[in-house]
Amino acid sequence: MVFFNGSSYRRFLLSGFPGLEDSYPVISILFCVLYLIALMGNITILVVIKVEQSLHTPMYLFLSMLAASDLGLCVATLPTLLKLFWFNVREIDFDACLIQMFFIHVFSLMESGILLTMAFDRYVAISNPLRYTTILTDTTIAKIGVGLLLRAVGVIFPGPFLIKRLMFCKANMLSHSYCLHPDIIKLSCSDHQINSIYGLIIILITFGVDSVLILLSYLKILITVLGIASREEQFKVLNTCVSHICAVLLVYVPMLGVSIIHRFGKHVPPVVHIIMGYIYLLVPPVLNPVVYCVKTQAIR
């Protein structure tokens with residue numbers, strides 16, 4: 001059996017939909033439409049927020065960060081996906097795969113952190129509206145954005161180097177048309193327990209902590225709203241949180257599904273891995289702009 005380590009020349013093979021290779025031109029049209037919706041929707045949000053002075057508030061500045069991270073996810077995955085479905089080019093260099101993996105996970109972590117800050121934004125706006133703009137100043141928001149970027153890069157940075165120390169056999173077929181950390185280490189012939197523990201720790205200290213803090217923020221929001229006497233005012237205040245709640249569900253539900261399937265779904269049919277992978281990849285960038293455009297009158 002031939003072994004490769006991460007420092008040697010190595011190629012992986014990307015997967016599309018096995019058995020449907022003849023339908024790739026049709027499938028590519030679907031993906032092109034989804035990517036076009038994601039790109040145009042998020043670019044529109046960024047342009048509208050930049051041009052419209054009345055939207056230069058904390059809520060919309062955080063929304064622009066979310067749109068930018070969604071665009072990053074699209075740009076990171078679009079080339080390999082289109083090469084596969086347009087030209088049936090399945091090979092990807094080892095280093096190129098690690099670079100793509102790095103950016104996918106960085107932008108995913110950015111999304112999680114931004115959703116947490118948006119939950120904090122809603123809590124401050126509802127519980128302390130008079131000090132809202134003094135607490136979340138432009139400088140504070142910029143520092144939060146830089147901090148989220150540094151957190152994502154710092155947490156994911158060791159990942160590619162940990163993978164490079166692994167040995168790989170002839171098995172080189174990835175489960176998706178893009179590279180993910182759990183998908184790559186699954187192909188290793190050597191002991192990748194350290195990589196698995198690293199991945200689990202990342203999930204717990206980032207997505208796990210973020211989700212708990214988001215829940216706590218909404219618990220505080222609910223307590224504050226219940227203290228409002230008027231039922232009509234309660235509904236009006238909670239309505240400002242609907243878009244954010246939808247965005248949280250759109251990001252965390254597919255992410256949780258992919259993580260569970262990769263770790264515990266060894267006997268799950270491959271098509272389930274493939275579909276969940278594309279849902280995780282495309283649902284947030286495609287639907288986040290739709291949700292915010294539909295629910296936010298200022299953007300409409």
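Cβ atoms are placed via backbone N, Cα and C, with glycine included.
The transmembrane segment annotation in TrEMBL covers 24-49, 61-86, 98-120, 141-163, 197-229, 241-265, 271-294. TrEMBL lists 41-292 with the feature domain 'G-protein coupled receptors family 1 profile'.
Residues 16-17, 55-56, 60-61, 63-64, 67-68, 70-71, 74, 78, 81-82, 84-86, 88, 282, 285-286, 288-290, 292-293, 299 of the same chain sit 6 or more residues outside the transmembrane segment (24-49) yet have a Cβ under 8 Å from a Cβ within it. Sequence-distant neighbours of the transmembrane segment (271-294) (same chain, 6+ residues past either end, Cβ-Cβ under 8 Å): 15-17, 31, 34-35, 37-38, 41-42, 44-45, 63, 66-67, 70-71, 73-74, 77, 111, 175-176, 178, 180, 243, 246-247, 250-251, 254-255, 257-258, 261-262, 265, 300. When the stretches 61-86, 98-120, 141-163, 197-229 are ranked by Cβ pairs under 8 Å to the transmembrane segment (241-265), first place goes to 98-120.
Same-chain residues lying 6+ beyond the ends of the transmembrane segment (141-163) with a Cβ under 8 Å from its Cβ atoms: 6, 58, 61-62, 65, 98-99, 101-102, 105-107, 109-110, 113-114, 117, 181, 184-185, 194-195, 198, 202, 205-206.
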